[in-house]
Amino acid sequence: MEKHGPPEHAAYPIPQADYQGSQGPYPGPQGPYPGPQGPYAGPQGPYPGPQGPYAGPQGPYPGPQPGYPVPPGSYAGGDPSGFPVQHQPAYNHPGGPGGTPWMQAPPPPLDCPPGLEYLTQIDQILVHQQIELLEVLTGFETNNKYEIKNSLGQRVYFAVEDTDCCTRNCCGASRPFTLRILDNMGREVMTLERPLRCSSCCFPCCLQEIEIQAPPGVPVGYVIQTWHPCLPKFTLQNEKRQDVLKVVGPCVVCSCCSDIDFELKSLDEESVVGKISKQWSGFVREAFTDADNFGIQFPLDLDVKMKAVMLGACFLIDFMFFERTGNEEQRSGVW
């Protein structure tokens, strides 16, 4: 009798005689899937959030979002990147550009006049005279203004000349003046007084000098011109008018595409301990303005009062040799 159905294949095993096929229909999973054990109740009670309401830092910062780590206690607001602010905004008094950062005030050491603590941690000062547009266009002499910076470009002081209009335009560069030096809060920390003196080497009895007061009204030193037929020389004195250091300049003070150095020397003039440099500012600035740039270098451990006296020497040198008023040409020599 012929067998019907699919042909047998050698690869498939022959079912046993009592093979009943599949054991009934596939029962599927053992009963319906129970799912989670009861409905999900969520967290046990409402999430309490941080312990107590977070007030956030002082200022417009709204505080962290839920789940965001709490900033450290010293956090005082930040920039968009979230980093703490390293420098607090400082008061920009009139006349000073607002974009220049101020140097942070260090702790004042003992026996340091108030306001001079900035000078205890630096060995270099940059003095930049500001360009006055009215003076450039009309030749009308205005009060000089200076930015005083450290080697990092941070502003340490701001200096403003306080002289009446008649004195500025009649006496020119030989004029007496009061220079007020302000800190980042606009407080006057130093006052420089230059009396009216003769500017010719033919009268050695009435030479130039400037008094440095810190705080205002309390002299801390003097810069006295020393007579010499060829060289510009100055003596730096302390508050008791005792000689401490000397400043010696070149024979011909000509700023032609190079810096001019006035060396800071010991009293015997044997060793050089620093210098005051008139820096070349470029042809256009040198030719059409009297806005000069200076660099002052001194030992880091120099007495802070003598550092202030060196700053006064820089201003006296500027007025004596590099100040131009009205239609006068900038001086190219010592006398």
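Here the Cβ of each residue, glycine as well, is placed from N, Cα and C on the backbone.
Ranges compared are 47-55, 101-109, 191-199, and Swiss-Prot records motif 'SH3-binding 2' for 101-109. Swiss-Prot tags one of the stretches 4-13, 84-93, 144-153, 274-283 as motif 'Nuclear localization signal', and that stretch is 274-283. Of the given residue ranges 64-72, 73-81, 172-180, 208-216, Swiss-Prot assigns the label motif 'SH3-binding 1' to 64-72. Taken as a whole, the motif 'SH3-binding 1' (64-72) shows an average pLDDT of 48 in this prediction. For C206 (S-palmitoyl cysteine), applying a Cβ distance below 8 Å and a minimum sequence separation of six or more within one chain yields R197, C198. Taking Cβ-Cβ distances under 8 Å and a sequence gap of 6 or more within the same chain, the neighbours of T178 (phosphothreonine) are E161, D162, T163, T191, L192, E193, R194.
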